[in-house]
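Visitor: Marked as compositional bias 'Low complexity' by TrEMBL: 63-72. As annotated by TrEMBL, region 'Disordered' applies to 63-85. Among the features that TrEMBL reports, transmembrane segment is placed at 34-57.
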Amino acid sequence: MPTGAAVMPPPPSYLPPPQPLVPPPAYPRRRPGWLAVSVMLALALLLALSATVMSAVKLSQSTPAATTTTITAPPPPPPSYSPDQVAAAKKEACGASDTADQSMLAAQRNFFDAARDRQSPQYHPALGNFQLVAMLETQYMQQHLPPATPKNVLDAINNYITAVIALVDANTRELSDHDAQPFVLAVRNAGDQLDKVCE
């Protein structure tokens with residue numbers, strides 16, 4: 001070092017004194033799903049509200065009355081039959097009724113004999129036979145009603161069939177003899193009327 005030179009003190013340290021470490025400010029961490037959930041909830045509420053409003057509007061609107069126009073053709077005139085056709089139809093209908101009546105009367109008598117003792121072994125087979133014969137014979141009568149059958153004959157046969165079916169039903173339900181008596185009388189009266197129109 002040269003003489004006479006000034007000695008300089010060492011340079012001061014320009015570093016600030018060490019400071020305690022401060023943690024960075026803690027920001028609350030946002031959950032990324034809350035925003036999406038909030039938006040979806042708002043949309044759902046908006047859709048529900050609009051659906052309610054649309055339903056109310058739809059219900060308050062009156063529906064226009066439907067207009068239907070029905071055009072019906074006049075009924076065709078009733079068919080006309082010759083006297084020979086009417087006579088042949090009456091003969092067929094009355095003949096079938098007479099044949100059917102004979103079978104039904106035989107089955108009915110057999111049943112009434114067995115019905116005196118409803119505990120007898122003959123009772124249920126006789127009832128079943130009467131039911132079967134009545135069903136078959138009334139169907140036979142209906143099949144022999146040609147279109148030219150006179151109305152009074154047609155009505156008498158239909159009344160007789162109705163009375164027979166009602167009697168069979170009463171016997172099937174095992175009504176007492178007293179309770180079944182009106183049905184027996186109805187068959188007898190309908191049969192008398194049928195005989196009268198078939199003379």
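Note: Cβ is positioned from N, Cα and C throughout, glycine not excepted.
I'm curious about the neighbourhood of these features; can you describe it?
Guide: Residues 147-148 of the same chain lie 6+ residues outside the region 'Disordered' (63-85) yet bring a C-beta within less than 8 angstroms of a C-beta in it.
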Visitor: I'd like the per-state residue tally for the region 'Disordered' (63-85) from DSSP, helix first, then strand, then coil.
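Guide: For that range the per-state counts are 3 helix, 0 strand, 20 coil.
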